Amino acid sequence: MDSIELKQLVPENDSEPGTPRQLLFQHYDISNEETIGIKPFKSIPAKVYILRVTEILTLGLLHLILTWLPEFRLKWIEAPCSNEDVEFVAISDPSGTSSIEKVSSICLKNDIQTSSFVLPSGKTRYFEYKKLRFYLEPLNLQWVLMPLETSAYSLVTSTPAYIQNGLDTFTIAKLRQVYGSNSLVSTKKSIVTILLNEVLHPFYLFQAVSVLIWLCDSFVFYSCCIVFISSYSIFLSVKESKESENRIHSIIGAPQPVTVIRNQVKQTVLADDLVIGDLLYFSNLDLKTCPVDGILFSSSCLLDESMVTGESVPARKFPLEDNSLDSWMIASCNIFSPHLIHAGTKFLKIDSTPSTPCLISVVRTGFRSNKGQLIRNLLYPNLRPSQLYLDSMSFLKTMAILSFVSIVFIAIYLNLYNASFGHVVLRSLDVLTILVPPALPATLSVGIANSIARLSRALIYTTSPESIHNAGCLSTFVFDKTGTLTENSVQLSCVYVKSGSNGLLKQVDADSLSLDSTKLNAHAYRVATCSQSLELVGNELVGDPLEVTLFTQFNGTFCATIRASNTPHPPLFSVSNSFDGPSQIFSIYKALEFDPVLRRMSVICSTSTERSLMLFTKGAPESILAISSQQSIPSNVQEVIHTLSSKGFRIIAFASKNLITPLQELIHLSRSTLESNVTFQGLFVLESPLRESSKDVISSLLRSKMEVSICSGDSLFTSVFVAKHCGALDSCNFIYTAELADSGDDCPQIHFEKIDLQTQNFQPIPDGFSLKDVILEKDSSLCMDGKLLQRLLTMLSFNEIKILLSKLRVLARMSPFDKATYVELCQKYGCKVGFCGDGANDCIALKQADVGVSLSDSEACAAASFVSKKKSIKDVFNVLLEGRCSLILSHRCFQYMVLCAIVQFSGVFFLYLKNYNFNDNQFLFMDLLIIFPLSAAMSYFDPAQNLTSNRPNSTLFGKGRVKDLGIQSVLIWLSHGLLTLILHELNWVELPEWQLEKSNTKNVLVTSIFLLSSLQYLGICIGINQSSEFLSPIWKKKTYVCLCTTIGLCNIYLCFANENHIISRCLQITRLPTLYRFIILFMGVISCCLTSILNM
C-alpha cells in the first residue's frame, strides 16, 4: 500500500513578505521499492520575466543549461510554498535524481468517493510523474495516488447485482476521468526528437563549440574529421535509442478486444477502454493475455505468470469466495495470491461452463498494474551513476579549474606582447578545448561496451550495463540452492511410511514402488497423485517439478471431469492411481496452494465410490508435524528426518484427514481450521543432483577470497549437505548449525550443533554455549534458518551483526523476501553483493543485489543485471571476469586520456610562450593516428581466465592513483621545458620572431615538441598497459602489439626523416641537428620507462 509522511517546515524569516507560514514537504512511498519526496513551489512573476529576457539575450543557451540543471531554475524563479498555492512540484528520489513537474487542473463533474478521502466536484489539481497521476487531496492538502484496490472493492460491493449487471455507463465515464484508462501507450519519439536530445547533450555541444574554435584557428581538416566521427557516434546513439524504444513497445503490444459485462449485457471493447471495477468475461475460446490486474470471481483457470513473477511453473487461480475487505486487500496486493490475475499473464486453460463463466473484476489498470510497473521500470530505469563516472566528472571539474587558471595566465602573457584581443580569446579557448577532454566520461564506457559484446556472444545478456563495473568489485556472492546449485529435476529416492505393527517409520525404495504397491499404504499413493499444482494442458503434464515427479512415480492418471450444471461446487479435476485402481476416481474440490510462510500445500477431495471427503497435505516436515495429532507421529520420525537431511535429501512429509463437514460448508472454512489435527502418514524422500559446474564455480570464488553464502527454502541440514558438497564450506574446519527452539520467552532459545567437516561427526557442545561463542571462535562457520536470523537482527549490536554476517555460510527456510532482506543487510554493512538464482522465487533478491545473475529468461527477471540464456551457473564466473576486466580497462583509459591531454596542453603551453602552435596536420596525426587508435586498442583486451584474490579498485582516486598522475604530469612538463631549454641554450638554430596576429606553425621548436609528444603518447600507452592479473597477456592481443610497433616505427622514422620527404612536408617537419634528434628519442624512451615504473 502507498504511504505518506508529512514534514512541516518553518521558514527562517517568518516576517518576510510573501513567505507562507508553513512549508510542506511530503515523503511518499509509491511502493516498497520506490520512494519520492515532493516539495511544492510557486513562480515569482518578476523573476520569470527577467529569466525569459535573459534566455533570449543568450540565444537560448541559458535555457539549455537550465534544462540540464532544473534545480537551478527552481532557485532562480520559484519560491517554496504550501500546497494551497502550488504551481510546480520538485520530485526527488533516494538516488539523488530530481525532476520538476507542472501542476495542472481537472474539472470533475461529480464527487469521487474513496475509502480515505473525497475529491469534490469542480477544480482539482494534479501532476503526473513517470506515468502516475497524483491528486491534491483537498481536506489535508496531501498529494495522493488514487487507492485502486479499495475503490474497486467499493464498486463491487455497492453495485446492485454486480455479477449480472457490471458497471453502468455513467460510472465508467466518472471513473475514466479520474483513474484514467487502461492504456500502456508511451508516445514514440520521432527520429528528429531523439536526434535533438543527442545533439543537445553537453558532450556534443562542447564538441560543437570546440569545432568552431578550431575552424577560427584554421584547423579545417582536423575539424571535419572530428565532425564526421561525432556524427557517426550520434547516429549509433539514435539507432540504439530507437531500438530500445521499439523493444519496449513490443512488450506493451497492441490493444486486444475483450468481453466485458456492462449495463447488464456482454460487450466487446478494446482493453484500453477498461476501468477499475469492470467485469471481464473469459471462456476457453478466449485463451489470450489478461490486460489488467483482476480478482477472479468465478470458475478457475491456469495461467503462465512468468512475465510478472518469474515463476516458470503455471499457476492455478481460484475464485475469491470471502467478500470481506481484508480478504479483498490480501488477494489484490499479494503478488502470489491464488485469486489475483496479473496483467500480462497468459491463459493456458479456463475451467468454465455456461453456468459458471470465468469472471474477473478489474482492480488495477494501466501503469498501476503489475505489467505497467514493469513497463515503467523499462521506461524510467533507476540509473545510479557508477563511482567511476562520478570520479571522472570530479576530475573534469579539477581540469576545468586548471584550464581557467591557464587561460588567465595565457591572456596576461599574450597581452604583454600586445597581441590582439581576438588572438588572445582564440588562444585562451584553445587551451580549454585541450585541457578538458569532453570524451573523458565516454571513454569509461568503452570497456563496458566491449564486455557487453563478449557476454552477448556467450549468451549472457545485460539489462543494466553499469552493473558490469559493480561485478568487478564484488566481495560477497549469494546463491539460491534449488535450480541454481542443483538441477531443476527432482528424483524420488524412497518413501517412509508407518509400520502397521509398532507405528515406526519404515523405508520403501523408489524402485520397488511399481513392483509391489502393497509395501505402501494407500495414503502415499493418494497424496502423491492428488496434486495441488498439476494440470493437463493438451497432452502435457505441467506443474511443480516435485509434484510431477511424485505423480508419475506413483502412476497417477488424469481423468475426464464431468461437471453437472446443478452441482454448486464442481470438482476442479479428477485423478486415479495404480493402488486404488482405475475405477476409484479422486475428485479435487479445493486446492490450498503452497504458502512460502506455512511451507505446505493441501487438497480436499472425495472418492467416486465412498463420496466421503478427505484432506491430503504435504510440505516441510516441521510444518506437517506442527499440525499433526501427537498420537499419529512415529517416535523415530525426528531421527529419520535428521539422518536424511544430513545426507542432503529433500524431505516432504505428508498427512491426511477425514472430513465430516459437508462440502458447501468446507469451502468457506479457513485454512487454519482445515489444516489442523491431521494424521501423519509418512515422508517422501527426494534428491536433486548438483549441477556439474557448481563445485568448480564455488571453489573458484573461494580461492579469490570472496565470501560465498547459500540461501535455500529447504531444511537446514539438507542445505548444509549441499553447501558442503559444492565446496561452500571448504574454507572452514567446523560449522555450527543454529535453530530456534520453541520458547515463549522474549529471549529466544537457540539449539546448536557442531559438525567436524573432516570426520563428518557431531561434536559435543559445552554447557552455556551461546551465539557469542560462535562469533568469537576462529575457523568456524555458522548455518541457520531465516526465522532465527530475523530474531537476531533485533537483539545483536552493530558490530556483532557484522561479525555474524562474515560467518554465515548457509541460510535455510528462506522465503523470497528473506533472501532480499539478507542481501540488503550485507549491503548495509559495506559489502558489494552478487546474487544468482533461477528466477522462480528470487526476483526480489536479484533486483536488490548489486549484481544479479538470473538463470531464467522470463520478463520478470529483467530486474536481474544479467540473464543467462544457457541457464548455466558458469556464467557467474564469466560475469565476474568481465566485470574486473571492464573496471581495469576503464581505469587505464581514464589515465591515458588525462595524460594525453596534459601532454598536449604542456606542448602548446610552451609553444604559446613564443606564439607558436601545432599545425592542422600535426593535431590530426596526434589525435586521430596515435591517441584514438591506441585508446581503442587498449579497450579491446580480453579478461583473464581465472579469478584472483585481488580485486580492482572501484574508484579512480584510490591507492595513490592521484599521486601517480601528479608525478607523471610534472615529468611531462619538465620534459617539454627541458627540451625547450636545451634548444635555447645550445643555439643550434635561430627561432622565428614573435608574430602579433598569427601563430607560427613551422619551426624547430614546434617540430621538436611535436616529435616528443608523439613519442610520449606511445610511451604512456605502453607504460600504462602492463601485464595485469585481470587481463589476458599482452602478447595475445596481436592488434595492440602490431599497432604499438607500427606507431613506434613511424615515430622513429619521423625523428630521422629528411625534411623534404612527402610525410615531413605534410607535417611541416623542419630540419633538426642529428644529436638533437637522438636527444628527443632518448627523452621519449625515458618518459616511457618512468611511466612504466610508476604504474607497476
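Cβ atoms are placed via backbone N, Cα and C, with glycine included.
What Swiss-Prot lists as active site, 4-aspartylphosphate intermediate is Asp480, and the listing cites similarity to another entry. All protein chains included, Asp480 (active site, 4-aspartylphosphate intermediate) registers 26 other Cβ atoms within 10 Å of its own Cβ.
Marked as Mg(2+) binding site by Swiss-Prot: Asp838, Asp842. Other Cβ atoms within 10 Å of the Cβ of Asp838 (Mg(2+) binding site), summed over all protein chains shown, number 24.
The topological domain 'Cytoplasmic' annotation in Swiss-Prot covers 1-19 (among others) and rests on sequence analysis. The predicted model assigns the topological domain 'Cytoplasmic' (1-19) a mean pLDDT of 42.
According to Swiss-Prot, the topological domain 'Lumenal' annotation covers 42-47 (among others), on the basis of sequence analysis.
Residue counts for the topological domain 'Cytoplasmic' (71-193) by DSSP state, with H, G and I taken as helix and E and B as strand, are 36 helix, 41 strand, 46 coil. The topological domain 'Cytoplasmic' feature in Swiss-Prot is assigned to 71-193 (among others).
Taken from Swiss-Prot, the feature topological domain 'Lumenal' covers 217-220 (among others). Long-range contacts of the topological domain 'Lumenal' (217-220) within its own chain (CB-CB distance under 8 A, at least 6 residues past either end) are made by residues 426, 430, 917, 920, 923.
The topological domain 'Cytoplasmic' annotation in Swiss-Prot covers 239-391 (among others) and rests on sequence analysis.
Residues or ranges marked as topological domain 'Lumenal' in Swiss-Prot (evidence: sequence analysis): 413-425 (among others).
According to Swiss-Prot, the feature topological domain 'Cytoplasmic' maps to 448-895 (among others), an assignment based on sequence analysis.
Cβ atoms under 8 Å from those of the topological domain 'Lumenal' (916-922) belong to residues 217-222, 907-908, 992, 999-1003, 1005-1006, 1010, 1066-1068 of the same chain, restricted to positions at least 6 beyond its ends. The topological domain 'Lumenal' annotation in Swiss-Prot covers 916-922 (among others) and rests on sequence analysis.
Taken from Swiss-Prot, the feature topological domain 'Cytoplasmic' covers 941-958 (among others). Only residues 6 or more beyond the boundaries of the topological domain 'Cytoplasmic' (941-958), in the same chain, are considered here, and those with a CB under 8 A from a CB of the stretch are 387-388, 391-392, 395, 451, 454, 469, 472-475, 700-701, 703-706, 832, 877, 880-882, 884-885, 887-889, 891, 894, 1025, 1028-1032, 1036-1037, 1040.
Distant neighbours of the topological domain 'Lumenal' (983-1003): 417-420, 423, 427, 911-912, 914-919, 922, 1068, 1070, 1073, 1076; these residues of the same chain sit at least 6 beyond its ends, with a Cβ under 8 Å from one of its Cβ atoms. According to Swiss-Prot, the topological domain 'Lumenal' annotation covers 983-1003 (among others), on the basis of sequence analysis.
Per Swiss-Prot, topological domain 'Cytoplasmic' is recorded for 1027-1040 (among others), and the stated evidence type is sequence analysis.
Panel annotation: around the topological domain 'Lumenal' (1061-1075), residues 919, 921-922, 925, 988-989, 1001-1004, 1006-1008, 1010-1011, 1054 of the same chain, lying at least six beyond its termini, place a Cβ under 8 Å from a Cβ of the stretch. Annotated topological domain 'Lumenal' per Swiss-Prot: 1061-1075 (among others), in sequence order, evidence recorded as sequence analysis.
The transmembrane segment annotation in Swiss-Prot covers 20-41 (among others) and is backed by sequence analysis.
Here the transmembrane segment (48-70) has long-range neighbours at 76-77, 98-100, 200, 202, 205, meaning same-chain residues at least 6 beyond its ends whose C-beta is under 8 angstroms from one of its own. Annotation source Swiss-Prot lists transmembrane segment at 48-70 (among others), citing sequence analysis.
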Item to complete: Spell out yes or no: are there three or more C-beta pairs under 8 angstroms between the transmembrane segment (1004-1026) and the transmembrane segment (20-41), with each pair 6 or more apart in sequence?
Response: no
Worksheet item: If one measures from the C-alpha of Asp842 (Mg(2+) binding site) to the C-alpha of Asp480 (active site, 4-aspartylphosphate intermediate), what distance in angstrom results, rounded to a whole number?
Response: 8
Fill in: Outside the topological domain 'Cytoplasmic' (1027-1040), six or more residues from its ends: residues with CB under 8 Å to it
472, 884-885, 887-889, 937-938, 940-945, 948, 950, 952
Practice prompt. Could you tally the C-beta atoms, other than its own, that fall within 10 angstroms of the C-beta of Asp842 (Mg(2+) binding site)?
Written response: 30
Worksheet item: Tell me, by DSSP, whether Asp480 (active site, 4-aspartylphosphate intermediate) is helix, strand or coil?
Response: strand
Fill in: Leading stretch by Cβ pairs under 8 Å, where the reference is the transmembrane segment (221-238) and the options are 392-412, 896-915, 923-940, 959-982, 1041-1060
923-940
Worksheet, complete the sentence: Highest Cβ pair tally under 8 Å against the transmembrane segment (896-915), stretches 194-216, 923-940, 959-982, 1041-1060, lands on 959-982
Item to complete: Quick one: pull the CA-CA distance for Asp838 (Mg(2+) binding site) versus Asp480 (active site, 4-aspartylphosphate intermediate), whole Å only.
Response: 8
Worksheet entry | Structural state census, the topological domain 'Lumenal' (983-1003) (DSSP three-state) | 4 helix, 1 strand, 16 coil
Response to the item:
Taking DSSP H, G, I as helix and E, B as strand, the topological domain 'Lumenal' (413-425) contains 9 helix, 0 strand, 4 coil
Response to the item:
Residues outside the topological domain 'Lumenal' (42-47) whose C-beta sits under 8 Å from one of its C-beta atoms, at least 6 past its ends, are 76-79, 81, 85-88
